[in-house]
Amino acid sequence: MAGGGLSASAPPAGVEFEAKITPIVIISCIMAATGGLMFGYDVGVSGGVTAMPDFLKKFFPVVYRKTLNPDDSNYCKYDNQGLQLFTSSLYLAGLTATFFASYTTRTLGRRLTMLIAGVFFIIGVVLNAAAQDLAMLIIGRILLGCGVGFANQAVPLFLSEIAPTRIRGGLNILFQLNVTIGILFANLVNYGTAKIKSGYGWRISLGLAGVPALLLTVGALIVTDTPNSLIERGRLDEGKAVLRKIRGTDKVEPEYLELVEASRIAKEVKHPFRNLMKRRNRPQLIIAIALQIFQQCTGINAIMFYAPVLFDTLGFGGDASLYSTVITGAVNVVSTLVSVYSVDKVGRRMLLLEAGIQMFLSQVAIAIILGIKVTDNSNGLHSGFGILVVVLVCTFISAFAWSWGPLGWLIPSETFPLETRSAGQSVTVCVNLLFTFVIAQAFLSMLCHFKFGIFLFFSGWVLIMSFFVLFLLPETKNIPIEEMTERVWKKHWFWKRYMDGYEGVGAVGSINGDHANKNGYSNGFDPVSNL
């Protein structure tokens, strides 16, 4: 698989496999991507619920009293570790679940892993909606986190593997599109339930997470597993039959042979996590980890988790802050659609670089306005400046939504070779959830201490990540997953040094007449070429 995983009988690198865009592929991808809907709803709902007085009064009375005290700093009234734990416990649980999800993704398949995620989601939703005390609330969030860990592990892999190469980017972004739809759905629900006077609005908000949870569970029961996964588990005939079905043609032999060869090489790897650390896998690993850290360090989840709280801090008032959150949620969805359309046309790098400039400028502008206009005890922003801040937040969110949001998941899922793909995706999800947890747990405290400087902090990170993309991220547009090594890593000015000196696994010469290591890699390496 590494290097296209070619043997003497495999197709030459660079061949575009025959594939129609079949209804079964579209339906499978839509159903699978509801895992993103669930994740998005969980991200969006927590911010709105933690801004509801009835919820705070029941579970966080200390915070509730601080929100009523005009003498408390605008920036510090929501600074509470318990409140932050309500949001962040989900991501810590997801982080732990990822390690188990890596095993199930590999041994049970992508489909069953999505089903396990759906079951965790449903149980977590029931506990959250019926919560009587903080312990019950946190346990529910932990179970939701387990669902997030399993879903985020299986869904991007499923989407990348089932999609034809030429539309792989667009279909994979369905996951992120559903994340943004989930956030918008949660914002709309919170806007409605915040108006319920009897004190149970937060229960409806948390309970309606059952809708995407059921969609994911039903979807996992309906869809078929990917050919890659079936072949990896030794079900060759079934894998070939599914490949014919999803490609809409009987001429699947070249792609089938490449998948079989990729699987053969993957089976020779007994310890995928240990293999992931080998020199030849370092470029994919470094980029996957960097993308997850950078995605969180844009500050997007800080804004998405706590948007109602943030806008309330800036003096928008309860209704206005939720209304502003709905606007930002809608911008998020529309901008992700831009990415679905453009990612396979303009490429990954172009979207990331353009968005870097847009995010940097909007965050610096927000920091300047807040620095001048919002003090510890001011009554908030003048309506004109308030609208300007919402516009700037929308500018920031739109840039993120067509770049770092979807591409942070897409690029790792399409670059790891099959023998390390489950392990690689596990590390990707794990790092993402770790940094999501850190930001969720720290943001309200950072807001209290940094004040407007929080936006300058994140804008500095945006600058760093844009330079990383410019110099170190190769373009992966329209390249078959099994040929990334040959066509991407071996040709990159920096990463190619990690690709030298590997012989093909069971290779019988090169099909294209190039040197032997074009066919894959053995576990040995030439120490001279790796100095």
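Any Cβ shown, glycine's included, is placed from N, Cα and C.
Remember, it's a predicted structure, so these values are computed and weren't measured experimentally.
Look at TrEMBL and you will find 28-477 tagged as domain 'Major facilitator superfamily (MFS) profile'. The annotation transmembrane segment is assigned in TrEMBL to 21-41, 82-100, 112-131, 137-159, 171-189, 201-223, 285-309, 321-343, 350-372, 384-405, 426-446, 452-473.
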Residues of the parent chain within Cβ reach of the transmembrane segment (112-131), under 8 Å, 6 or more residues beyond its termini: 32, 35, 38, 59, 97, 101, 104-105, 137, 139-151, 153-155, 158, 203-204, 206-207, 209-210, 212-214, 216-221, 223, 225
Which of 171-189, 201-223, 426-446, 452-473 contacts the transmembrane segment (82-100) most, counting Cβ pairs under 8 Å: 426-446
Long-range neighbours of the transmembrane segment (201-223), counting only residues six or more past its ends (CB under 8 A): 27-28, 31-32, 34-35, 37-38, 41-42, 45, 48-49, 52, 54-55, 111-112, 114-115, 117-119, 121-122, 124-126, 128-131, 140, 144, 147, 151, 158, 182, 185-186, 189-190, 192-195
The transmembrane segment (321-343) and the transmembrane segment (384-405) contact flag, 3+ Cβ pairs under 8 angstroms: yes
Stretch among 171-189, 350-372, 384-405 sharing the most Cβ pairs under 8 Å with the transmembrane segment (452-473): 350-372
The domain 'Major facilitator superfamily (MFS) profile' (28-477) [mean pLDDT, rounded to integer]: 85
